[in-house]
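Undergrad: Dropping a structure here in C-alpha cells format, bear with me for questions.
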Amino acid sequence: MKKRFWFLAGVVSVVLAIQVKNAVFIDYKVEGVSMNPTFQEGNELLVNKFSHRFKTIHRFDIVLFKGPDHKVLIKRVIGLPGETIKYKDDQLYVNGKQVAEPFLKHLKSVSAGSHVTGDFSLKDVTGTSKVPKGKYFVVGDNRIYSFDSRHFGPIREKNIVGVISDAE
C-alpha cells in the first residue's frame, strides 16, 4: 500500500512539475540564421513567458514574439516606443544620437568592409517617424538574412511572449 502511494505521489508530482513548467516557460528552438552569431540555428532556449510583464523591455533585449503569420520569432529590440530610428553608414541612430551595438562587433569584423546593416530610416520602412506607443522595432543580429520590423513594421507589445535580457 505504501509503495503504491509513493508511486502515485511521484507520478502526480512529475505531471504537476511539467504543467507548471509549460505554464511559465516557452521552449523555443532557433530556426534559421537571422540571429547569428548570438544564437545559432538549432539552439534550444527556455524562456520565461511572464518576465516582461513585471519589468521594462530595454533596447537590445532579445524578444520572442508572434510574427505576422503567428509563428513565434526571435529578434533584438532596437527601437522603443516614441523613438526615431535610422541607420546610416552601418551606424544606428536613435533620436538622432549614435548608439553602439557591441553584439555586432564580430559580424562587422568579418564583413570585410561591407555594411552589416543597410541604410534606412523608420519613416522609410514604416511611413511613420516614431515607433508607436505600445510597439517595438526589432531586427535580427544577422541583418542581411533577417525578416524583421524592416519588413513587417514594429511589433505590438501584446505579441511578445518572452524576453531574454542581456544576451550578447
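Placed from the backbone N, Cα and C atoms, the Cβ positions cover glycine too.
The structure displayed is predicted, hence computed values, not measured ones.
Per Swiss-Prot, the features are:
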type	residues	note
TOPO_DOM	1-6	topological domain 'Cytoplasmic'
TRANSMEM	7-26	transmembrane segment
TOPO_DOM	27-168	topological domain 'Extracellular'
ACT_SITE	Ser34	active site
ACT_SITE	Lys75	active site
Undergrad: Using Cα coordinates, what distance in whole Å links Ser34 (active site) and Lys75 (active site)?
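TA: Ser34 (active site) and Lys75 (active site) have their Cα atoms 8 Å apart.
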Undergrad: Please spell out the DSSP helix, strand and coil residue counts for the topological domain 'Cytoplasmic' (1-6).
TA: 5 helix, 0 strand, 1 coil
Undergrad: Tally every other Cβ atom lying within 10 Å of the Cβ atom of Ser34 (active site).
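TA: Taking all protein chains shown, Ser34 (active site) has 23 Cβ neighbours within 10 Å.
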Undergrad: In sequence order, which residues at least six apart in the same chain have a CB under 8 Å from the CB of Lys75 (active site)?
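TA: Set apart from Lys75 (active site) by at least 6 residues yet with Cβ under 8 Å, we have Ser34, Met35, Ile62, Val63, Phe65, Val138, Val139, Gly140, Ser146, Asp148, Ser149.
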Undergrad: Under the DSSP assignment, what numbers of helix, strand and coil residues are found in the topological domain 'Extracellular' (27-168)?
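TA: Going through the topological domain 'Extracellular' (27-168) residue by residue, I get 28 helix, 46 strand, 68 coil.
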Undergrad: Over the span of the topological domain 'Extracellular' (27-168), how high is the average pLDDT in this prediction?
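TA: The average pLDDT of the model in the topological domain 'Extracellular' (27-168) works out to 89.
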